[in-house]
Structure formats: structure tokens, C-alpha cells
Amino acid sequence: MTYDHILVRFGELALKGKNRTQFEQRLQTNIRFALKDHPSCRVKRTYGRIIVQLNGADATKVSEKLQKVFGISSFSLAMVAPNQMEAIKDAALEAFLQHEGEKRTFKVSSRRSYKAFPMRSAELNPEIGAHILRNTEGVTVDVHHPDVEVNVEVREQGTYITCGRIKGRGGLPVGTAGKVALMLSGGIDSPVAGYLAMKRGAELEAVHFHSPPYTNERARKKVEDLTHILTAFGGPITLHIVPFTNLQTTIHQHVPSNYAMTIMRRMMLRITERIAHQRGMKAIVNGESLGQVASQTLESMYTINEVTNMPILRPLVSLDKQEVIDISQEIGTYETSILPYEDCCTIFLPPNSVTKPRREKANQAEQSFSFEPLIEETLQGIETVEIGKEDERHTEMDDLL
Ligand code: ATP
Ligand code: MG
């Protein structure tokens with residue numbers, strides 16, 4: 001007998017009724033996507049738990065994947081026994097013996113969610129404990145601070161035995177909070193902002209503005225790569241590539257240079273909002289943090305924000321730069337973000353941008369040219385690619401144990 005299952009627990013899903021089922025189904029789907037490279041794994045739902053049957057898949061590699069999935073509070077390697085006392089005792093002993101790490105003391109904690117099983121938890125604990133004591137040497141019971149807690153869960157389909165817990169990533173299953181439009185540059189900040197939005201259950205569609213030939217193919221590839229890295233946390237992501245060259249050069253020609261950046265941001269926001277409307281998204285996420293650069297002063301946000309009344313989520317607003325860098329390193333976007341290919345903002349950035357742009361002046365600057373047809377044309381030119389979809393494997397819709 002070996003550890004051939006993983007028992008997945010989800011903490012924050014203390015929800016009831018319809019919501020709960022929806023959350024659990026979504027988590028199941030997301031776990032399946034995360035394990036797509038391990039096709040032998042089966043991912044099943046049973047009341048209040050998700051069970052991964054490894055069927056020979058490498059437990060360490062599967063664990064690494066599970067640690068990226070939002071909505072998991074913890075998980076454990078598990079052995080499964082039929083609901084029969086002798087089999088349970090043997091499996092518990094085997095699970096204890098094969099558990100790695102310090103194990104001079106232990107305790108047994110049983111739970112019987114399958115009420116038809118004839119023994120109660122209080123009867124199971126001593127019986128299983130005695131069996132482990134009889135078959136080991138130098139091992140004692142410690143109910144207060146045991147090295148190993150042997151958890152025994154008697155469920156309808158079988159009894160799951162685990163010894164130890166791996167901490168999950170927490171958060172909520174991606175997709176349970178609806179969809180948001182992530183404004184994704186090639187920088188360090190916006191991928192982290194997207195990651196943090198996903199942490200609370202938001203599913204992303206990314207919007208990237210590029211300005212060929214001023215920005216090159218590698219800059220675009222970089223954004224696709226960043227998007228791909230983010231898919232590990234919540235499944236495939238739709239990426240919209242917006243051709244921004246005409247709008248940018250027009251702004252450059254017609255708008256006073258100290259307001260060019262403000263107007264460019266307002267155009268980006270208008271376009272992102274329209275994409276969001278078209279695709280049923282209810283909010284925009286960006287990587288702004290308060291007071292970092294000229295476009296991120298409160299005055300600047302106030303003036304740029306005038307063009308939309310859609311909520312703008314700024315998950316980085318209270319983080320220091322180093323904290324953002326730490327997260328980007330942990331999630332694996334940092335190395336890609338620091339590649340030197342410039343994005344459209346840096347190339348057209350005039351040196352004399354106002355740090356406190358005013359709404360009246362921005363509106364005045366936009367009167368200099370009839371931008372609306374150009375915005376329309378830009379929207380028509382958007383190229384949409386699905387990132388991560390190609391490696392999604394066929395998943396059963398609602399697979400209960
Ligand atoms: P980042 O590290 O995400 O590039 P930044 O520190 O460079 O951010 P800004 O250049 O002021 O800051 O950009 C602020 C935010 O505007 C970005 O985090 C991103 O959400 C959005 N943004 C900037 N450039 C683009 C772009 N080319 N396409 C899509 N969104 C963009
Ligand atoms: Mg940037």
C-alpha cells in the first residue's frame with residue numbers, strides 16, 4: 001500500500017447551498033487544469049473535499065502544481081482503505097510507517113462522516129492507536145503535541161488516512177468572483193496585480209497596448225509569456241492585443257506634450273472599458289501603486305479616471321516596490337518582466353509630463369482632434385489570442401465520487 005491519493009481541503013469556502021457547489025465545481029475544474037500535465041490523475045469531488053487519485057503520477061510534482069491553485073487551504077497525501085475495521089487499521093499503520101519526518105509520538109484523530117459505519121470516532125481512535133503501538137518500537141501516544149497526527153476520515157466511498165498537511169495558497173477559486181480586464185504591460189507590476197486579483201477569485205482577460213514598429217515582436221512575446229505564467233494560477237487567459245500606434249502618434253501630434261501621457265492613459269482606459277463591456281467584465285485591474293511615478297499621483301489618477309465609471313481595482317496600491325518584486329519572484333514573472341524590450345509607454349513618454357494633470361486641461365487637450373473614429377478603428381484592429389487553452393485537457397463537467 002502506498003500514498004496514492006491527495007486529499008484537498010478548502011477553508012474559506014464556508015458557503016452554503018448553490019454557491020458552495022459552484023465554488024467546489026470551479027475549484028475542481030481549476031485543479032484539473034493545473035494537473036493537465038499529469039493525465040493519469042483523476043480529480044473527484046466528495047462532500048467538502050476534493051480527492052486527487054494519482055494513478056502513478058509523481059506526488060511531489062502534483063503537490064507543486066496544487067500549491068499554485070487558489071482556493072486550496074491545505075492538502076495531504078492520503079491512503080485509502082475500504083470501510084472495514086481491519087483494513088483501516090492496516091492502512092493507518094502503513095500510512096504512519098511511510099510518513100516522512102520525525103515520528104516518535106503520534107495521535108489518531110478520526111472523523112466519521114459516513115454515519116452507517118458501525119464504530120464512532122471515539123471508538124476508532126484507541127483501536128487504531130493500539131494497532132500502531134503494537135506494530136512499532138519506541139513510539140508513544142501524545143495527544144497534546146504529537147509529531148504525527150494520523151487523520152482518519154471515514155467517508156461513504158472509503159476511509160482516507162493522512163499524516164501531515166501541506167499548506168495551500170489560500171484565496172478563492174479563480175472564476176468565482178467573475179471576470180475582470182487586466183491592463184497588462186510588460187513590466188513588473190501589472191502581472192502581480194493580475195495575480196492578486198486572481199487570488200480573490202477574479203478570472204482575467206488581459207489587455208495589452210502595443211505600438212509596432214516602435215515596439216517589436218519580442219515585446220509582444222514577452223506579454224504572451226507573462227500571461228502564460230499567470231495561467232498556472234487559474235486556467236487559460238484571453239489576451240487582447242490592441243494596436244495603439246495610430247492613436248499614440250496622433251496624440252503626439254495634436255496634444256500639448258506635457259499632457260500627452262495623461263491623454264494616452266485616458267485612451268487606454270476608454271478602450272479597456274469598451275472591451276470589458278463587450279465581454280461582460282465588471283471591473284478593470286491595473287498595476288498602479290500610489291505615488292510611484294508621475295502617472296500615479298492622486299491628481300493623475302483623478303484626471304485619468306474621469307473617462308470611466310467602471311471600478312478600477314489597484315491591488316498594488318498599498319505595496320512597496322520591493323514587496324511587488326518579492327511577489328513577482330515568487331510567482332515566476334520577475335525574470336520575464338525585467339527583459340529589456342520596451343513597451344509603448346516608455347517610447348512615447350515626453351520628458352515634461354505634468355505630475356498633477358487637471359481634468360479641465362485634459363478635456364481641452366482632447367478637443368484638439370476628433371479621437372472617437374480613431375478609437376473605433378483601434379477597437380476594430382484588436383487581435384485576440386487564447387493563452388493556455390491549447391494545453392487544456394478534456395475535463396468531465398461534474399464528476400462526483
Ligand atoms: P508595470 O510595471 O505594470 O509596467 P509601471 O510601474 O511601469 O507598471 P505605468 O507605466 O505607470 O507603471 O503603468 C501603470 C499601469 O498601466 C500598468 O501597471 C498597467 O496596468 C497599465 N499599462 C501601462 N502600459 C500598458 C500597456 N502597454 N498595455 C496595457 N496596460 C498598460
Ligand atoms: Mg511599465
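Cβ coordinates come from backbone N, Cα and C, glycine included.
Automatic prediction, not curation, is the source of TrEMBL annotations.
So that you can see what the record holds, here are the features copied from TrEMBL:
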- M183, L184, H208, F209, R265, G287, Q296: ATP binding site (BINDING)
- 60-165: domain 'THUMP' (DOMAIN)
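Overall, the recorded ATP-binding residues M183, L184, H208, F209, R265, G287, Q296 cover a maximum inter-Cα distance of 19 Å. Among the binding-site residues M183, L184, the residue whose Cβ has the fewest other Cβ atoms within 10 Å is M183. Residues in the domain 'THUMP' (60-165) partition by DSSP class (helix H, G, I; strand E, B; coil) as 35 helix, 34 strand, 37 coil.
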